[in-house]
C-alpha cells in the first residue's frame, strides 16, 4: 500500500474534508491512515455533489411511486410507462459551476452528461430541454457585458453538443435576474425512449464477472470537478478552468451507437456512465447497489496523457466514458463492438465477493477500503435552519405601496423584458426537428411535444420555475413550479404524469439558505402528492453563491405528460380570425413576486399569489377533455405579466390582432398573476359546449374577445400588431448581440 500523506491538514483542506469526516475515515479503515488516492476517493464520494449529505434528509419525503412509474430516484434516470410496451426515460441535471467558469465547455458537457444518463439506461435520447438563469444583461457595466458573454457561450455550447449528437433541443426557459450575476444556472434535461422490458441499470454483480472500461481515453480534465461543484465561488474562481471537463460530441455519438448496439445482446450485467467523480463514482455506485466487491487495475485504463497517477485515473472527469460489468466469457464480443465504433475498450478488473474496493497500479495495491460506507453511508448532515430575516419586510409590501403607473406605459414596459420576449435567438441555434418527431416548432406551444412513432401517442414536457415566487415564499414558490410545469403540459392536451427536478440553491452552511431548501422540498412534496405527479429523478446543486451572495431559490421542475393522440397536440398560438377568446379562472388582483412590480419598481416583494390544487386539477381536466373532443383550437396558461402579456404573445406568434375586454376590478389587473387561469381559443360552433363544460367543473369562464384586426387591444391598452411583433421577436437578439 502507498504511504499515508504528509501535511495532512493542508491535504484535508484542499479536499474539502473536515476533521470529523477524517475521523470517520479512520474508523472505516480500521485505524489505518489513508493514502492520497483514498483521500481523493473519500473527498469525491462525500462531496455535496455526490453524497447529497446536506439535502438527503429532505429528499427522502418526496412521493416517488405511481402505477406508471417503472424506476424512481436512485438510478441514472427515472422511467415511466407510456403504454404499448414503451417507456420514457428522463432526468434533469445541473452544470452550474462549470458553465460560469467556462461557459461553452461547461454547458456542452452538461448536455453530454445528461445524454449519457439516458442512453446508459438503454434508451435512445429523443428530446432535450434546458433551463437557464443569467444575471442582468442590459446595461454597459462589466457585469452586464460578462453576462452577455455567458449567454452566448452557454447557448453555443448547448447547441454544438446537442446538434452533433442528433438529439433535438425542443424547448426550455431562459430568465434573468441580478441574483445570478455571480452564479448562472445551467440545467439540462433529456428524455429517451426504450422498450419497458429492455432497461439497463448501473449495477455490478456475479463473482468473477469482468469490469470493462469503454469510450474515450482518460486525461486530467475535470480533476476535482465534483469537489469544485461543492463549494461557493470567490473573485478568483475563474482560475478553476482546469476543473471544467472538455467534451467531444462526435465521440459521444459513437459511444451512444455502440452502447445501443451492445444493449441488443445479453452480454452485460450493468452499465454506468462516468460523470461527477469519474471512475470513482461509477465503480463505487455499481458495486454499492449490490453489495459486491471490485478489483481494478488502473494501469490498464486507456490514458490520454503521460505520467498520470492512480489519483488522476480515479478522479478525472474526462467525458464520454462508461464502466461496464460484463458476463464472463463475453468480453471479446463487447471489445469487437466498441472497436468497430473506434472507441477505446479494456478489461480493467473483476467483481469479487469481498465487499471491498481494491485498486492496483502495476501490481502494487494503492487502495483497499470497504465499499458500502463510502457509497451508501456517507455522513448525513443535519444543518441548522433559520427563517430568512428579509421575508418579513418583503411580504409586508403590496402593489398599493407604489405610485400608480399609467396602464399603457406599464404595458409597453412589460412587453420588453427578456424573460417575456421570444427566444428564437436561442432556439434557432438548436436543431429542434432532427429525428422528425417534434410536433411543432419551439415557441408555438406551452409545452414541447414529440410524437411516439411506435404507438401514435405524444409526450409533452415543460420546465418551469419562477425564482421571484421562490424568493418571497420558498415553499409556495416551489409548489407553484410543479403546478405551472404541469399546467403547461395540460395546455398542450397532455395529462401530466411525473416530474424530474433540479434544485438550485445557495450555500447550505448558511441557515437561511438551508431553510429555503427545506421549505422548497416541502412545497414540491405537497404539490406532487396533490397533483399525483411523483418525482422519478432529479439533482441538487448547492453552493450557488459568490462572495456571500446566494442565487434566488430556484427549484427547476420538468414535467412530463402523455397525450393519447399525437394528432391532438394543442398549440398555444391563435389559429383562426373570428374565433372567440375565453378566459378560464378568476382574476384576483394578485401582484406578489410579479413581473409588474419587478419591471416598474425594481423590487421582488409581496405575498405569493394564492392557488388551490383542486381548482388547478379542474382546469387541467377541462383543457384535456375539451381538446379530446375537438372544442379547442389553442390554449395558453396565464402566468408572468398576466392576461395582457399572455394575449400579446399569442397575437405576435400567430400574427393576428385581438380585441379583448376582460372584467377586472382594477385596470392594472390585466397584468396580475392570479393562478389557475388559461386563455382558450374556441370557434362559435363550440362555444356553448365549452362554457357548459367549464360550468360543470365549477370553473369561471368569460368570453373576453375575438381574434382579428391589425391591433393588439386588451381593455384600455393597445399597440399596433406590427409593433408588438417587433418587440417580441427582435428584443432578445438586439440585447445579447450588442457587443458584437
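Every residue, even glycine, has its Cβ placed from backbone N, Cα and C.
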Fill in the blank from the handout: Cross-ref Swiss-Prot: substrate site 94, 95, 96, 97, 245, 317, 318, 319, 541; candidate in list 116, 330 matching that site is 116
Problem - Matching residue for the ATP site, where Swiss-Prot names 52, 501, 538 - out of 13, 91, 453 - result: 91
Practice task
Tell me the Cβ neighbour count for residue 273 (Mg(2+) 2 binding site), meaning other Cβ atoms within 10 Å of its Cβ, over all protein chains shown.
Solution key: 27
Exercise for the section: List which of the recorded positions 49, 52, 94, 116, 117 have their Cα within 10 Å of the Cα of residue 539 (Mg(2+) 1 binding site), in sequence order. Expected result: 49, 52, 94
Exercise for the section: Going by Cα-Cα distance, pick out whichever of the recorded positions 49, 91, 95, 273, 538 is nearest to residue 116 (substrate binding site). Expected result: 273
Fill in the blank from the handout: Counting other C-beta atoms within 10 angstroms, the emptiest spot among the binding-site residues 93, 117, 501 is 93
Fill in the blank from the handout: Apart from the site residues 52, 91, 501, 538, the 8 Å Cβ neighbourhood of the ATP centroid comprises 59, 73, 92, 93, 500, 502, 503, 535, 537, 539, 540
Exercise for the section: For residue 538 (ATP binding site) and residue 93 (Mg(2+) 1 binding site), determine the Cα separation and express it in whole Å. Expected result: 7
Fill in the blank from the handout: Check: min Cα-Cα distance from residue 501 (ATP binding site) over recorded positions 49, 93, 94, 317, 319 goes to 93
Fill in the blank from the handout: Here the recorded positions are 49, 52, 317, and the Cα closest to that of residue 93 (Mg(2+) 1 binding site) is found at 49
